[in-house]
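Engineer: Dropping a structure here in structure tokens format, bear with me for questions.
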Amino acid sequence: MDSIAKKLQQRSLSARIERRGKLVTQCLTLLIVLLVLVIFAFIATKGVAVFTKDRGNLWTFFTGSTWSPDKLDIHRRPLIGALPMIVGSFSVTLLAVLLATPFALAAAIFMTEIAPKKGQQILQPVIELLVGIPSVVYGFIGLGVVVPFVQKLVGGSGFGIFAGALVLFVMILPTITSMTVDALKAVPRYYREASLALGATQWQTIYKVVLRAGTPGIMTAIIFGMSRAFGEALAVQMVIGNAILMPSSLASPSTTLTSVLTMNMGNTIMKTTANNALWSLALLLLIMALFFNIVVKYIARKGEL
Amino acid sequence: MNPKRVDKIATIVIYIMSGTIIIILLALLLYILLAGIKVVNWHFLTSASKSFQAGGGIGVQLFNSLYLLVLSMLFSFPFALGIAIYLTEYAQNPKLTNWISSAIEVLSSLPSIVVGLFGFLVFVINFHLQFSILSGALTLMIFNLPLLVRSMEDALQSVSVSQREAGLALGLSRWETVIHVIIPECLPSIVTGVILAAGRVFGEAAALIYTAGQSAPPLNFTNWNILSLTSPLNPMRPAETLAVHIWKVNSEGLIPDAAAVSAGASLVLVVVVLLFNLLARFVGKKLYQHLTGE
């Protein structure tokens, strides 16, 4: 009798497996959340070191244009003016988004409104293929095609913001397009039917109804594109020229946050001012990524109302 | 202008712009093909790269890329599957789930160079793993996880509730239902998601520059001693991948035929990524037919 009672009181094998399974997956989920926190903590502590330990000035960081962290200015503060890279990053990003958005909108309208069938057959694989091409390949093509093209077009060396923006344009085009397609597909069918029933042409329906209704989704798509462009490292680094100078024109060599990081992280010694200053750039990138994320969340919430 | 004309013009403009995108892609592919096809041959694919002279190949880099891919997938697959199972099957508090999803979203939006620098800081320096395949694979895992989790979550969620109810009604526990009912049901889409992620990981370079390293020591493919520095299987050796090689060759410019080497390597990279895409489609379809008996 005792053994039977014992058996009945014990957890069954499947209950034990169940508990173990739940625990394991719970731990893994906890681990990824921890990972995100650890990334932020590590990069934040490394990133503020140049301001706390090396007496760097936050104001100079955002407004100064001389970047030579191992030298000191008259106040014995390191020269960490990151303005050229900040300007470089933002101008490359904005230019790329300005170029890509109209094309992405056109492609998305084509795929959802004008010729959904052809869109599925022709444009969908094109977008998928564009996503699949690795960023270094874009950089290589940028070197071989875009830089000489810009050189012919406006003179100079060809390396610079314009070349970077052209490369990024192709890279973020598929991101913006596919997200815009999702946004337009989510617009209810009866909106279109109502508009067409009122006698509007197809373009009027698209322009005045579908695009309006899809605006939050389209905005999200554009911000996502910006976020990708802002964080892209190697393709831009290969075509931008990498000169830490205030950009004087669209075709003069300049630089971005990511390209300074990729170029110099290997050449500095850990815990020196020069190295700490680089980590502050990484922190800035991290904060921007977070900022884009919050904006997307905000738009999504507004769109729901 | 009357609305009908505007409508026509707008339609034509949209056709032209969509066509431009197609032309851009065709031009890109044609450029990669034409530039690369002259360079790629058996010797190029198998021989070692050279640092200062022309005529180097990409054999070691190609192997490194594949090895790194396999290793990082081994780490990230169970990890991602566990998270996806927890989020779809167990997590009940919607607020908590929301927070977790937000964290994963933030992770996926981090620039890959930032993930790479984090890997450099933690794995290479704090864990003393040096520039190694292991550091690279762990970093790629971080880079890869959000994408994998999302695709697996979608796959698990696509299975209908009635399947879960049926499993539970038969007296199976939640876990048994997931393992024996839900996962087999959505295996095709899980596999498709994994292969697509593999294609993305294969082309990644920014996260690897400071983790797997920028050098490729010569390998001896007959040396199977996992601890030896020339053994291809040693996870502690530095391993420059194909994508990193293209970047390094172009930005350092030490070898005279940099353009040719990167053209050949780019072609290989794009072809492999395309193969992954085709494979994803093919395997997904085959697996679906196999499982449903159609």
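Sequential numbering from 1, following the chain as shown.
Placement of Cβ uses the backbone N, Cα and C atoms for every residue, glycine included.
Per TrEMBL, domain 'ABC transmembrane type-1' is recorded for A:86-296. Look at TrEMBL and you will find A:21-44, A:86-110, A:122-147, A:159-181, A:234-257, A:277-300 tagged as transmembrane segment.
For each listed feature, how buried is it and what is near it?
Structural biologist: Residues 62, 118-119, 123, 127, 161-162, 164-166, 168-169, 171-173, 176-177, 180-181, 183-184, 206, 210-211, 218, 221-222, 225-226, 229-230, 236, 240, 246-247, 250, 254-258, 284 of the same chain lie 6 or more positions beyond the ends of the transmembrane segment (A:86-110) yet place their CB under 8 Å from a CB of it.
With a cut-off of 8 Å between Cβ atoms, the residues of this chain six or more beyond the transmembrane segment (A:122-147) that come close are 107, 110-111, 157-159, 163-164, 166-167, 170-171, 173-175, 177-178, 232-239.
For the transmembrane segment (A:159-181), the list of distant contacts is 88, 91-93, 95-97, 99-101, 103-105, 107-108, 111-112, 127-128, 130-131, 135, 138-139, 141-142, 146-147, 150, 214, 217-218, 220-222, 224-226, 228-229, 232, 235-236, 239-241, 247, 249-254, 256: same-chain residues at least six beyond its ends, Cβ to Cβ under 8 Å.
Sequence-distant contacts of the transmembrane segment (A:277-300) (same chain, at least 6 residues past either end, Cβ-Cβ under 8 Å): 39-40, 43-44, 46-51, 54, 56, 61, 67, 69, 78, 80, 82, 85-86, 216, 219-220, 223-224, 226-227, 230-231, 257-258, 260-261, 264-265, 268.
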